[in-house]
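Since the structure comes first, as structure tokens, the remarks are kept for the end.
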Amino acid sequence: MDSASKEETLEKLDQEITVNLQKIDSNLSFCFHKITQDIIPHVATYSEICERIMDSTEWLGTMFQETGLVNLQANAAAPVGNAPVKSLVSNNVGIFPTSAEEASRQSQTDNGPNEADSAVHVNRDVHSMFNNDSIDDFHTANITSTGQILKLPDSSDEDTGSEAVPSREQTDLTGEGHGGADDEQDESTIQRQSRKRKISLLLQQQYGSSSSMVPSPIVPNKMRKQLAHEEHINNDGDNDDENSNNIESSPLKQGHHHPKGQADDNNEGPDEEESTKEVPKPGTIIHFSTNR
């Protein structure tokens, strides 16, 4: 009984070992088939692509190295028109060599003493092209030396507004005859500015501001006399004649006019002489003429 049981166990173990070995063999065959059928072809194609990339990069490196040695003057003399295609192809091939030996030989032949001379000739041609007067693209416009000097308006003449600037023809016609008139206008402008400064200072001292032009009822006599005197000076000639006629025609003003003459004749005090002038009423606005 013991021997029979031992033989059965040995047969079972032998069968199990055989089954496992068959599984291992099948797995190895599958791996070999996968490597030979799928992996090896892909590796071969990848190696071919890498070789092509290496060749292309080597050619590009040679091309970029030789671009600095290209002689444009020699290649510009290629035939144009009905020239054969082979000659054009040969000239273009000379620009981009296919091997390093040809590149070195071309660099030796191109680097000669005539290269600097050709560059100088090219620069001269370009310079003559840009300096050619017959080219319309680089023709500059005519520049005139005549002009008109504009006179800036006076900043103090704000009431009269901006005056029209005389044209060049008018200034040419007037000529040198306006020299004295210009001097008189400058003097009158200076006088006007000085009067305005005095009045603004008086107003600022009285009210603390130079923008107020309305007198107060409590203005002292000195201030009223000064304002009336400045208003009398700034009136125009025509306005002075009309005002004098109106004053002389008025019976009230005529009554005041006679005491003034008597005061001048009798040499009375300054207070009585100034009392004959017309004093502006409180609330009136005084306008100063700035006409030249």
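Cβ coordinates come from backbone N, Cα and C, glycine included.
Now, the feature entries from Swiss-Prot:
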type	residues	note
MOD_RES	S26	phosphoserine
REGION	99-118	region 'Disordered'
MOD_RES	S118	phosphoserine
MOD_RES	S134	phosphoserine
MOD_RES	T140	phosphothreonine
REGION	149-194	region 'Disordered'
MOD_RES	S155	phosphoserine
MOD_RES	S156	phosphoserine
MOD_RES	S200	phosphoserine
MOD_RES	S216	phosphoserine
REGION	227-292	region 'Disordered'
MOD_RES	S250	phosphoserine
COMPBIAS	265-275	compositional bias 'Acidic residues'
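Secondary structure at S26 (phosphoserine), as computed by DSSP, is helix.
Remark: of the modified residues S26, S200, the most isolated position is S26 (fewest other Cβ atoms within 10 Å of its Cβ). Look at S200 (phosphoserine): DSSP puts it in a helix.
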